[in-house]
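Pulled these features from TrEMBL for this protein:
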TRANSMEM  7-28  transmembrane segment
TRANSMEM  48-69  transmembrane segment
TRANSMEM  76-94  transmembrane segment
TRANSMEM  100-121  transmembrane segment
TRANSMEM  194-213  transmembrane segment
TRANSMEM  233-256  transmembrane segment
TRANSMEM  297-316  transmembrane segment
TRANSMEM  328-347  transmembrane segment
TRANSMEM  353-374  transmembrane segment
TRANSMEM  386-405  transmembrane segment
TRANSMEM  411-430  transmembrane segment
Amino acid sequence: MNQTKNYRSAFITITILFFLWGFITVLVDSLIPRLRDVFALSYFQAGLVQFAFFLAYLVFSIPAGWLLSKIGYKKGIILGLIAMAIGCLLFSPAASNRLFWVFLVGYFTLAGGITILQVAANPYVALLGSESGASSRLNLSQAFNSLGTTIAPIVGALFLLSDTIKSSEEISALSEVSKKAYYLSEASAVEQPFMFIAGFIGLLVILFLLIKLPKLMHESPKGGYGKLLSNKIVLMGVFGIFLYVGAEVAIGSYLVNYFLDMNLAGIVAENDIMMNIANTIAMVFNKNFTGSDPKSLLGIFVTFYWGGAMIGRFVGAYLTKIMAPAKVLGIFAFISIVMLLISMNTFGLISMWTIISVGLFNSIMFPTIFTLTLEGLGDLKAQASGLLCTAIFGGALLPPLYGFLTDLTGFKIALLLIIACYGYILFFGYKKLKYNSLSTK
């Protein structure tokens with residue numbers, strides 16, 4: 001009884017971390033439109049924000065696994081939280097001195113902490129109870145992660161994008177003193193939310209120092225990476241995670257700019273239903289829209305992109321029980337391609353809602369690719385998980401590449417890159433379905 005109670009308390013505490021890193025990861029996306037204006041960045045340069053953030057997964061995933069085996073889950077979690085707090089605090093000198101590279105260093109440090117949390121929290125939740133209930137526990141924790149990714153765009157739209165940003169012509173007309181003051185005030189608007197987050201993380205550090213977590217050990221066999229790197233399914237799965245995360249983040253990062261490029265702010269402002277949706281969401285924070293802040297107005301609808309992932313996770317959990325997971329993965333990837341093709345070849349609200357709907361079909365891709373890759377690996381699962389987490393680095397490469405193509409060709413044509421990513425995921429689902437059917441014969 002006491003062990004069950006301890007496990008439940010530990011589960012609740014760890015699940016807070018899932019919410020936290022989901023919230024922060026997507027809040028980064030909300031910064032990109034503001035940073036573009038403040039630092040006069042190209043879309044490629046703005047994409048470097050995500051590069052700095054997701055580069056940490058490539059650098060820290062495997063070392064974090066080794067570190068946890070030495071110091072344990074609890075100390076690893078505390079170390080990850082401290083790194084996150086330091087990353088947030090670096091935004092203060094970056095804002096005060098208007099140094100874009102310091103923002104990038106801050107994001108990298110923040111993401112390093114999140115990487116340690118991911119490597120620690122996922123297996124720890126799986127070990128908090130029976131093996132048969134591991135999947136259920138992870139799905140519940142991931143649902144709270146999705147809750148964080150759903151709330152973050154609202155906070156970003158209302159607090160990071162809500163103030164009117166001057167056009168390049170208006171900025172050029174300012175005196176040097178006024179221009180410097182304007183840039184500093186804009187950068188400070190980015191700084192404040194992350195100072196609050198740093199304080200909250202500090203409280204979590206104190207909490208984890210005070211509480212007792214069940215000591216759960218997990219050992220992995222040595223020399224397993226050679227076997228994994230010669231496994232075709234593992235390599236395909238790692239590449240699938242790489243492309244999926246890159247595609248998901250690229251869409252989320254540039255969604256507001258994509259909408260602005262189609263001049264959707266005016267269309268939304270003139271549509272009573274759309275304005276009612278936006279104002280209903282904004283009312284939670286005692287805000288309302290006047291039409292003078294298009295980035296804030298359109299940023300609200302990014303919530304539906306990430307919220308779709310949360311809803312789809314529950315639907316997908318049921319579908320993967322009654323259908324082969326590989327088949328569900330292929331179907332969802334195919335629908336994503338169709339939605340992107342429609343968005344690419346239309347304008348207005350049709351283009352807007354079809355690309356937003358991709359979030360719904362993204363929902364099952366990460367956990368499904370993950371579990372399909374781990375099938376039949378036995379004691380090598382932990383090491384395979386490290387490789388899969390490293391592949392989250394796709395979120396660093398695809399957004400700037402998409403931004404580069406957008407600078408060259410425009411948003412619509414650049415979507416072909418994202419479509420190709422989902423095409424590979426469709427192919428992986430087909431190959432895994434075929435492989436499983438041959439294995440059962």
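Heads up, the Cβ atoms here are built off N, Cα and C, so glycines get one too.
Note that the structure is a prediction, hence the values are computed from the model and not measured.
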Using Cβ atoms and a strict cutoff of less than 8 Å, what residues sit near the transmembrane segment (386-405) while being 6 or more residues removed from its termini?
42-48, 50-55, 57-58, 61-62, 65, 115, 118-119, 225, 228, 234, 237-239, 241-250, 253-254, 370, 373-374, 413-414, 417-418, 421
If we skip the immediate neighbours and take only residues 6+ beyond the ends of the transmembrane segment (411-430), which ones have a Cβ under 8 Å from one of its Cβ atoms?
236-237, 239-240, 243-244, 246-247, 250-251, 254, 257-258, 261-262, 326-331, 333-334, 336-337, 340-341, 343-345, 365, 369, 372, 398, 401-402, 405
Any chance the transmembrane segment (100-121) and the transmembrane segment (328-347) have 3 or more Cβ pairs under 8 A, given the pairs are 6 or more apart in sequence?
no
Give the one range among 7-28, 48-69, 328-347 whose Cβ atoms make the most pairs under 8 Å with those of the transmembrane segment (194-213).
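Per the Cβ count, the answer is 7-28.
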Can you work out which residues elsewhere in the same chain, 6+ from the ends of the transmembrane segment (328-347), have a Cβ less than 8 Å from its Cβ atoms?
262, 316, 319-320, 354-355, 357-358, 361-365, 368-369, 372, 412-413, 415-416, 418-419, 422-423, 425-426, 428-430, 432-433
